[in-house]
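The signal peptide annotation in TrEMBL covers 1-26. The annotation region 'Disordered' is assigned in TrEMBL to 47-78. The feature compositional bias 'Basic and acidic residues' is assigned by TrEMBL to 67-78. What TrEMBL records for 263-337 is domain 'Polysaccharide export protein N-terminal'. TrEMBL lists 344-421 with the feature domain 'SLBB'. What TrEMBL lists as domain 'Soluble ligand binding' is 428-476, 517-543, 609-659, 706-750.
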Amino acid sequence: MMNVRRLVFAALLLVCALSLFSPVGAAEPFGPPDNNEEQGVYVGKELKGTPLGERNNTEFTSPELSSLDRRDGKDKENRELESGLLGKFKKSKEKLVVDPGRKKARIVLKAEAGDGLAQLSWRIADHRSKQGEPPFKFTLFYGIEAGRYDKKLEVGDGLEFILRGLKNNQVYFVKVQATAKVQEEAEDEEAKWVDLTIFSNELKVIPLAAEEQGSSLEKSFAKKTVTLQDKLESDPFRRELKQFGYDFFSNSLANSSPVDNVPVGSDYIIAPGDSLRIDLWGGVQGRFELTVDRNGEISIPRIGTIKVWGMTYGQVKEVINKAISRIYRGYELNVTLGRLRSIQVFVVGEVESPGTYTVNSLATVINALSTAGGPSKNGSLRTIRLLRSGKLVQEIDLYDMFLTGDRSKDVRLDNGDTVFVPVIGPVAAVAGEVKRPAIYELKSDTTLSQLLHMAGGITAAGNDARVQVERFEGNRSRVVQDFVPKDSTPDTRFEAAKIRDRDMVKVFPISKALRQVVTLGGNVANPGEYQYRQGMRVRDVITSFDALLPGSYLESAEIIRIAKPDFHKETVSFNLQKAMSGDERENVALQEQDAIKVFSRWDMEEKPIVSINGFVVNPGSYDYFPHMTIRDLVTAAGSPKRNAFLDNAEMTRIVVANGKAKATRLDIDLRKALSGDPKQNMELQPDDVLIVRGIVEWLESTDRFVTLKGEVRFPGTYSITKGERLSSVIRRAGGFTERAYLNGSKFTRKSVQKDQQKRMDEIVQREEQEILKRQGELAAIATSREELEATKSALEGLQKGLEKLKTVKAEGRVVIRLAKLEEFERGPFDMELQGGDALEIPQTPNVVNVLGQVYNQTTLIHQPGENVGYYLKRSGGPTRSAEVDEMYLVRADGTVFSRQQSSFGIRWDESSRSWNFGGFTATPLQPGDTLVVPQKLERIAWLREIKDITQILANVALSAGTMILGFK
């Protein structure tokens with residue numbers, strides 16, 4: 001098992017190499033890459049779960065939006081993540097070559113909302129995989145803003161997913177990305193593996209609480225009756241109907257109980273618990289707050305006890321006034337109700353929260369129902385019963401209030417009353433072109449006319465001659481019945497039709513096709529529909545040539561006609577020029593539904609063009625028009641550029657003679673042509689091509705700047721002349737400072753960077769294909785489960801390292817050796833400069849780095865004259881897993897010296913240009929050098945294969961920092 005662990009580390013060797021070329025004295029520790037370098041990835045709370053299709057429909061649980069932490073990376077993509085722009089992904093360095101047959105590939109995404117979740121499913125359409133291609137890997141993106149995604153989830157190769165942890169009633173936008181390696185073939189080239197990426201359409205999902213997702217009754221009506229026509233024509237109705245009336249009780253205002261300060265009518269019955277306020281003024285003054293006791297009496301000081309139980313509010317005023325008047329005269333009296341008594345009522349049956357409720361004495365049946373949450377969708381709205389002392393007091397039909405506003409039967413409750421909601425009665429649904437599509441509860445015998453009236457009536461777009469009822473027939477089958485008018489009017493037909501339980505009434509729309517119309521289209525000023533009149537002809541629609549757009553083709557136009565009896569299409573052609581000029585034979589008679597089409601001349605003829613290329617603002621092809629000149633063409637292209645050579649341009653013209661085409665070339669003095677010289681500003685012919693040349697060495701003369709940074713006396717950007725060398729610019733910059741560390745200088749060049757990047761991309765692509773090839777081979781070689789797991793882990797590590805390599809940009813570094821100016825001048829490294837070159841000279845460091853398989857990876861103070869053995873010992877020495885024979889030094893100037901270069905105790909010292917005795921460990925280290933001790937790999941076949949690939953990729957990473965050891 002120790003060997004297995006070592007193998008996994010081998011896969012990280014590539015990534016380690018990437019960290020070796022940090023600025024001098026600041027090398028990163030040897031080990032796994034810093035997580036902040038990974039692009040476009042979230043970390044934080046682990047996303048627990050498994051995609052459907054990988055583990056028997058296991059559900060995936062997503063964290064809340066606020067619980068997913070983002071990385072703190074400062075790269076561009078992470079800044080985009082922090083602003084929610086996950087839709088901008090890094091493009092591949094290689095332009096994708098997509099087979100034309102695959103360009104139409106797409107993802108069809110479907111979503112179904114649930115209680116705090118979204119059930120997603122998708123499929124790849126219009127794509128055919130080739131043999132040997134791996135399956136697609138899917139990534140799910142979602143967020144709360146359209147086109148901006150806060151979450152990114154890798155979901156593997158499954159085709160279903162359950163996304164949990166969502167907030168109900170929150171809008172989410174969802175999109176799926178599919179990626180795969182596919183083989184594409186190009187002419188004269190071998191098939192190549194390229195990345196194919198497909199995005200789905202964006203869907204909007206709104207999770208809803210379970211109670212908001214529709215009752216069983218609503219769902220039953222939403223199920224469409226299947227017919228053979230379904231494959232050809234979709235159902236024109238929205239079958240997801242709601243039960244009428246139940247939304248009233250979900251309103252918070254409806255659930256509120258009456259408050260104590262509601263005005264009380266004179267018919268209010270006084271009972272124990274009510275509070276009366278008595279105010280006296282005039283000859284007698286006083287205020288009394290009196291509560292009716294359990295005997296139904298109130299006691300007024302100096303007046304006595306008065307029995308008020310069972311009296312109305314209006315009667316109580318008279319009784320109290322009569323009692324006071326027996327003792328006092330000359331006063332004014334006002335009696336009002338204070339705090340009202342509470343009563344206890346029972347709300348039972350099919351309600352959301354049945355039970356005993358305490359309400360005030362002004363509460364009505366609807367108030368009590370609201371307090372209990374209202375009837376459930378399995379409860380009746382039309383036969384609600386109020387029971388008092390076991391007897392039926394009132395039966396309430398809430399449809400009276402919902403449809404007409406009649407609340408006359410909503411009586412006031414008394415203490416101990418029972419409100420009973422029975423099970424819902426017969427129901428019928430109305431869909432289609434009615435004003436209020438819904439599911440309605442029926443009461444007694446209901447006709448089709450009455451049901452349509454409940455639904456608000458048929459809309460203006462509804463066809464009253466096309467009304468259909470779906471119904472169950474004898475609990476055995478489902479049938480349809482059409483109500484088509486014959487001799488009767490719609491009202492009489494609908495009044496005679498009786499509605500049954502579970503009927504579904506569908507009111508079809510009128511035909512969408514316009515009638516009594518002809519259509520004008522094409523190259524005309526006012527396209528569209530025109531009223532058809534009997535006897536119309538073409539000139540009645542196209543009244544003059546002014547109705548046409550410029551460039552109309554007058555020799556021919558056409559009429560597309562619908563021919564009876566099978567309504568097939570026919571084409572009638574006519575000469576538009578003659579029709580408009582009065583030729584009645586071409587002025588064709590029109591029929592209803594005719595479509596007139598006027599062609600553009602360029603629909604019928606090849607459009608002539610001329611082209612201009614070279615040093616103009618907008619090179620390209622332009623429309624040719626008669627008498628067009630060279631100056632016209634140059635003006636259309638936006639004028640010549642500043643670096644255009646105006647003394648001589650070249651025009652190519654095609655000349656046809658004896659049935660053969662021949663290209664001729666003409667030299668043009670463009671300066672004279674632009675000034676209007678008729679000899680040079682000649683007229684053009686179709687397909688002429690004008691080429692404007694550029695001034696020689698313009699770019700070389702304008703891009704002649706180099707940059708010096710670091711330890712020179714005057715760092716900055718300097719212009720250079722052709723042939724100027726590096727020593728000259730260093731001298732112009734004041735020379736080196738006393739702190740300059742010449743061995744650690746870093747020289748970069750743009751042209752070298754392009755070459756390095758190109759070679760790196762080629763190697764990465766080749767090794768990526770090699771890894772895919774080796775996956776199957778190495779698994780077959782492994783002899784145990786441990787080896788198989790180690791192989792898989794190692795290959796995955798290599799693949800991750802390869803993905804990281806794709807993000808590495810070549811520096812364009814050229815290794816040079818600086819020296820004092822007198823020695824450096826005209827030396828082998830005093831190179832001729834190019835525009836864009838840059839030289840950076842660091843300060844003298846005082847450290848060396850020891851990385852890899854040592855007991856203490858560390859940075860040590862540089863000790864003059866000390867060698868590899870000294871620093872290796874100070875780091876604890878190599879570990880047991882160290883590959884001592886593969887140790888190497890990375891010098892501060894970017895060169896590498898390995899133990900393989902030190903044989904038989906003799907080594908070459910580049911700095912002194914001489915041979916020295918002593919092995920690799922006797923090599924002295926300079927400030928800023930890095931000693932690397934790599935991991936040892938077991939020498940079995942499949943590990944050697946992995947090591948070979950790892951070594952190649954590591955070399956690629958090293959090459960990003962040093963590609964050229966000398967440059968003359």
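Just so it is clear, glycine is given a Cβ too, placed from its N, Cα and C backbone atoms.
Caution: TrEMBL annotation is automatic and unverified by curators.
On a predicted model such as this, the values are computed, not experimentally measured, just so you know.
Through the fold, the domain 'Soluble ligand binding' (517-543) approaches residues 549, 551-553, 557, 559, 574, 576, 579-580, 586-600, 603 of its own chain, all at least 6 residues removed from its boundaries and within a Cβ separation under 8 Å. Secondary structure of the domain 'Soluble ligand binding' (428-476), assigned with DSSP and counted as helix (H, G, I), strand (E, B) and coil, comes to 7 helix, 24 strand, 18 coil. Along the domain 'Soluble ligand binding' (609-659), the predicted structure has mean pLDDT 91.
Broken down with DSSP, the domain 'Soluble ligand binding' (609-659) shows 7 helix, 27 strand, 17 coil.
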